[in-house]
Amino acid sequence: MADEKTFRIGFIVLGLFLLALGTFLMSHDRPQVYGTFYAMGSVMVIGGIIWSMCQCYPKITFVPADSDFQGILSPKAMGLLENGLAAEMKSPSPQPPYVRLWEEAAYDQSLPDFSHIQMKVMSYSEDHRSLLAPEMGQPKLGTSDGGEGGPGDVQAWMEAAVVIHKGSDESEGERRLTQSWPGPLACPQGPAPLASFQDDLDMDSSEGSSPNASPHDREEACSPQQEPQGCRCPLDRFQDFALIDAPTLEDEPQEGQQWEIALPNNWQRYPRTKVEEKEASDTGGEEPEKEEEDLYYGLPDGAGDLLPDKELGFEPDTQG
C-alpha cells in the first residue's frame, strides 16, 4: 500500500511538471511542442487524482456461503479464531445458566399444603352451620401440641363452609316455601324499590272494541284475575320487582265478591238493562259517521252543506 501511494504522488507531480514545461515552451512561440507537453501533463494529473480518490474507499471482499471459505481467509485470521474458541471452551463460566438457590427451595417449603381440604356435598335442606362447629379432636389455630407457638402453627387445620346453590335445590326450596306458606302472607310486604308498567296496547285494543264502556266497567275490567290460594308474587329472586297496576291490600276483593277476568281482546262486563243496550246501539251507529266526517277537511261533498253566497263574501259573476 505504501509503494502504491508513493507511485500515485509521483505520477501527479510528473504531470504538473509537464504542464509547467509546456507553458515555458509556449512563450517561445513553438505551438507544435508545448501542445504535446500540455496534453501529457493534463492526462497524468487527472489520472493520479482519480486513482487516489478510488483508494480512499474500503475494499469489499465477498465470502461465499460454503464450507470451503476457510481457504480464503489468511492463516493469521484462522489462528486468531482458533485461539478464541479454544479459550472459551477451556474457561468455565462463572455461573451456570440456571441454578436453584437454597432461598427458592426454602420458599417452596414454606408454602401451605392444601392436601387436607375435603369436599362435602350437602343439599339445600341440610343445615350448613354444622360445618362451622369445630370438632372435638381438632387442635385450635395458633397452638401446637406442646402448648407453645412453633413452626407447626403455619399449617394449622382450618375449616370453612362454602355453600353453592344449584338450580335443582332452588326449585325444591321454592316448592317447600309455597307448600308451607299458603295464601297472600308469602308475598313480601311493603313497596318494592323497582316497578314496571304493563303494556298499554291491550288497553287501546279494549277501548276500540267497547267505546261505550262505563268507567266503573273499565276499572273492573282492568283488575287482574284473582289467583288461587298460594303465593301471588314471585319468590325471593324477584322480590325487588312489582307491577304498578297490581292490586293493593285495600283493593283486594272481600269474601263472597267476584272479580271479572280481564282478557286482552274480549272484555267481560256485568249484564246491562235493555235501556242501556238500546242507547249503546243508537250511539254506536252515529259515532262511526262522526269519525268519518272528522277525517275530511274542507267543504263536505253534499250539495246542501255548501255555504251561501252571503257568507262567502263575494258576488257571483253575472256577466254573460
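Cβ from N, Cα, C; glycine included.
For the residues C56, C231, Swiss-Prot attaches the annotation S-palmitoyl cysteine to C56, which does not rule out the feature elsewhere.
When the residues C54, C222 are compared with Swiss-Prot, the one annotated as S-palmitoyl cysteine is C54. Long-range Cβ contacts of the transmembrane segment (6-26) within its own chain (Cβ-Cβ under 8 Å, at least 6 residues beyond either end) map to 33-38, 40-49, 51-52, 55.
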